[in-house]
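Undergrad: Okay, here's the structure, questions in a sec.
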Amino acid sequence: MADTQYILPNDIGVSSLDCREAFRLLSSTERLYAHYLSRAAWYGGLAVLLQTSPEAPYIYALLSRLFRAQDPDQLRQHALAEGLTEEEYQAFLVYAAGVYSNMGNYKSFGDTKFVPNLPKEKLERVILGSEAAQQHPEEVRGLWQTCGELMFSLESRLRHLGLGKEGITTYFSGNCTMEDAKLAQDFLDSQNLSAYNTRLFKEVGQDGKPSYEVRLASVLGTEPNLDSEMTSKLKSYEFQGSHFRVTRGDYAPILQKVVEHLEKAKAYAANSHQEQMLAQYIESFTQGSIEAHKKGSRFWIQDKGPIVESYIGFIESYRDPFGSRGEFEGFVAMVNKAMSAKFEWLVASAEQLLKELPWPPAFEKDKFLTPDFTSLDVLTFAGSGIPAGINIPNYDDLRQTEGFKNVSLGNVLAVAYATQREKLTFLEEEDKDLYIRWKGPSFDVQVGLHELLGHGSGKLFVQDEKGAFNFDQETVINPETGEQIQSWYRSGETWDSKFSTIASSYEECRAESVGLYLCLHPRVLEIFGFEGADAEDVVYVNWLNMVRAGLLALEFYTPEASSWRQAHMQARFVILRVLLEAGEGLVTVTPTTGSDGRPDARVRLDRDKIRTVGKPALERFLRRLQVLKSTGDVAGGRALYEGYAAVTDAPPECFLSLRDTVLLRKEARKLIVQPNTRLEGSEVQLLEYEASAAGLIRSFSERFLEDGPELEKILTQLATADAQCWKGPQ
């Protein structure tokens, strides 16, 4: 059997998202709006398969064929007759549920490959003897022959997502290196093109000279379209001695489905902001224009307090090895009014709380653009995973001048982060009951602060295309050096493009640190309804949770490549290092032996020293993070961040050795079962499923009842068209 690091255990936690009450309260028009947006999101989410690994689209198509012909119970009878044990069949169901849940065969949280935890030859017997194979023998056998080996392979380069020799990616052709990625980013910056909706393909001519295709995601391909601002960009360029060609049409048939359903949603929009937002998204996906998506995002920001909230597009860049290309995601959710009221109070206090942050006023936005901040019950979240909270849009220019929105996903928090005492690792016994009682409430506080005042704070110093600065060069002083500002962002440069591989994790670390820092403020605790001893317990558990998370983060570090695979977890490890460095016994991490005789560890946090030792240490660190970000000081930012992110076996913690202990005692991340919506006549019905691997599979089997075979054909054709591009470096 495979290393446990690369399998999903049979007892993996599975939870169902509960949005029944929020959906019940929607009007029939709101339900239709939510339904068509959800359909658009689910169709677009299929693009993630093509963004993850070469084999993911084929695996998805194979699983979908199997479970369309026989549901999990029916297939079980066949599998047992073929000689599988109950445990082996459950392992297959868990694997299939994992593929659907992550939209591919790599974990969305950690970018590690997972493989079926049963013998390959047994799974082959089940597949080739299945009802699906009897109905379509050539297609099913062809799919198995295409993806069977890769489904099980744990060849070193295939174990993780990454670029070149470091891992597998489909954002870049297999012969691309980090140098190619940097050159392409410089080219994109020079043409004022965003990388968010692109992939990069490299060819080397007979003369040894490379040429690059930058392919934009769009419905349209080479068709002339005189009205589009994109048309002038679609041509060949010479840049720094290399040939670049900008094309479009990536994921075209999938995006066509997205556009069709956004058009249908537009008929049920609640106001002109939503209509114009959807019109611009349609333009963006049709033409391949990020500028149109930005315009849509402007209308989205202006659509304050909608009953049905949504966002869709190429959004988060965590899984691009270079940190610039966005993974497709789309969500649809309904407002949770009780928790939203608390967030509204937090927003009302935001301008005062921003003044508490430890950097000079010149390093804060000129004007705090009051955002929407709501707690939402998710109906649909299509993509590779579901976060606890979101602060979007990610476009720096919009965030600085137009604002943003924050959302906390309440029904996700309720199920994804619930903890059982017997599975609680690395804490002292006396902390466990307190931790279980206050983890949920403290996480609400942390998510609120992280999203609103973490991601929502701080200014970038920019020189625009006309040479004008958005800060006073004469009077603004760098508090770290005592000198005038020496560096800034030029026109076309963004946070992601400049800080590239560390941008996501660095920013998550800054936001997490803001949450820890401001949760000490009495006004914040009052807003969330905590006073006295309860307030102190919330602070303690919030800090303790971060310290524990820093240790758990070691699961996502790859010693062979000296690299981190998950931005949020790297950020939490960095904070653990900062608090350990503060000294005076604030935090200790001690290797121990568990009651089972196996290696274990304990983290301790001295609650009496959080304010006296922890707060000043965090203050110094936060100020440095912000100053380096504001000034675009990449060299200084890398030196600071990568220094803290280094994992060594230096005493007393010996983190490399502790990583083995963390892997030994890790708990798999839960799988989340989401509902479907179905149009019956003129009414939209909510379809819910049991919290099990089989329930998750059924939810996907019923998601594309009308056009499942067509979608599988589209996915495999798109995958086959680029199949020759994924051969790795020689």
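Cβ coordinates come from backbone N, Cα and C, glycine included.
Straight from TrEMBL, here's the annotation block:
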ACT_SITE  Glu451  active site
BINDING   His450, His455, Glu508  Zn(2+) binding site
Undergrad: By Cβ count within 10 Å, point out the most packed of the binding-site residues listed: His450, His455.
TA: His450
Undergrad: Rank the recorded positions Glu451, Glu508 by the number of other Cβ atoms within 10 Å of each Cβ, and give the residue at the low end.
TA: Glu508
Undergrad: How long is the line from the C-alpha of Glu508 (Zn(2+) binding site) to the C-alpha of Glu451 (active site), rounded to the nearest angstrom?
TA: 10
